[in-house]
Amino acid sequence: MELIFLGTSAGVPTRTRNVTAILLNLQHPTQSGLWLFDCGEGTQHQLLHTAFNPGKLDKIFISHLHGDHLFGLPGLLCSRSMSGIIQPLTIYGPQGIREFVETALRISGSWTDYPLEIVEIGAGEILDDGLRKVTAYPLEHPLECYGYRIEEHDKPGALNAQALKAAGVPPGPLFQELKAGKTIMLEDGRQINGADYLAAPVPGKALAIFGDTGPCDAALDLAKGVDVMVHEATLDITMEAKANSRGHSSTRQAATLAREAGVGKLIITHVSSRYDDKGCQHLLRECRSIFPATELANDFTVFNV
């Protein structure tokens, strides 16, 4: 999996940062997939500065209905139609997302020439496509807001081909059945159980993408043990009370959560427009003083998961 940050500013855009949007490139050999998390104003323009085609976009996850996470959605949906894209698209989001999209399209006389499904979610598992599952967790914000935990299913362990050959199993289609954990019967009547020749499963990757939030009970469960946690760091330590009063988090709170949850890497984003490049580096240093494995997302920064 690969994360591409299209917008990293909180509330309003700046000269160097657009408002929130994150691409997740799933990079699976047998299944293409491009997911978008939040869609602030100007997201489709940001997308033009990447190598990704909107036609590959098949799922959009909206954390909440504040404009800096949402106002780019109608334009992206319409441009997708005007480009002749016919691939289906599914939008997941809190209550009200359906009304917002349908109203924007209706009032502007717009439509989509592709199947568009809108799923209004609550807390819990919202998707399992056979390769990975997505679970929504409620966060602490003035509007209904969710964070998303994306977990790949474990992959089968490697097949011990050498041991199978030694047991008289010819390479070919039988290996595929054994790789799937099935039991086969050889011509001499022997039964071979694939599970006996498989290494331990390879754990799938896990990723937590937070929407806007102050400290909350669900945060630890959302982030527990993930390889990468994406979390807002809207304000620095000295402005923590102000951040919390508006449903946001400070650098200290983001980094402390990462440490307590045992995550592999913390990526901070959604930084206040009050911070210039020097100020953003200060935010990064504050986080690293608590959780050293912290990175700062800038627009168009790419991270592997």
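Here the Cβ of each residue, glycine as well, is placed from N, Cα and C on the backbone.
Classification of ASP68 (active site, proton acceptor) by DSSP places it within a helix. Cβ neighbours of ASP68 (active site, proton acceptor) (same chain, under 8 Å, six or more residues apart in sequence): SER9, ALA10, GLY11, VAL12, VAL19, THR20, GLY40, GLU41. The active site, proton acceptor feature in Swiss-Prot is assigned to ASP68; the stated evidence is sequence analysis.
The feature Zn(2+) 1 binding site is assigned by Swiss-Prot to HIS64, HIS66, HIS141, ASP212, with sequence analysis given as support. In this structure, ASP212 (Zn(2+) 1 binding site) belongs to neither helix nor strand by DSSP; it is coil. The Cβ of ASP212 (Zn(2+) 1 binding site) has SER63, HIS64, HIS66, HIS69, LEU139, HIS141, CYS145, GLU232, THR234, GLY247, HIS248, HIS270 as same-chain neighbours under 8 Å, each 6 or more residues away in sequence.
Sequence annotations record features per position, and here Swiss-Prot assigns Zn(2+) 2 binding site to ASP68, HIS69, ASP212, HIS270. Counting Cβ atoms from all protein chains shown, HIS69 (Zn(2+) 2 binding site) has 27 others lying within 10 Å of its own Cβ.
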Inset, instruction - Using the centroid of the Cβ atoms of HIS64, HIS66, HIS141, ASP212 as reference, list every other same-chain residue with Cβ within 8 Å of it (recorded Zn(2+) 1 site), in sequence order. - result: SER63, LEU65, HIS69, LEU139, PRO142, LEU143, CYS145, GLY211, THR213, GLY247
Legend entry - Secondary-structure category, per DSSP, in which HIS141 (Zn(2+) 1 binding site) falls: coil
Legend entry - Residue, out of the binding-site residues HIS66, HIS141, HIS270, whose Cβ gathers the largest set of other Cβ atoms within 10 Å: HIS270
Inset, instruction - Provide the three-state secondary structure of HIS270 (Zn(2+) 2 binding site) computed with DSSP. - result: coil
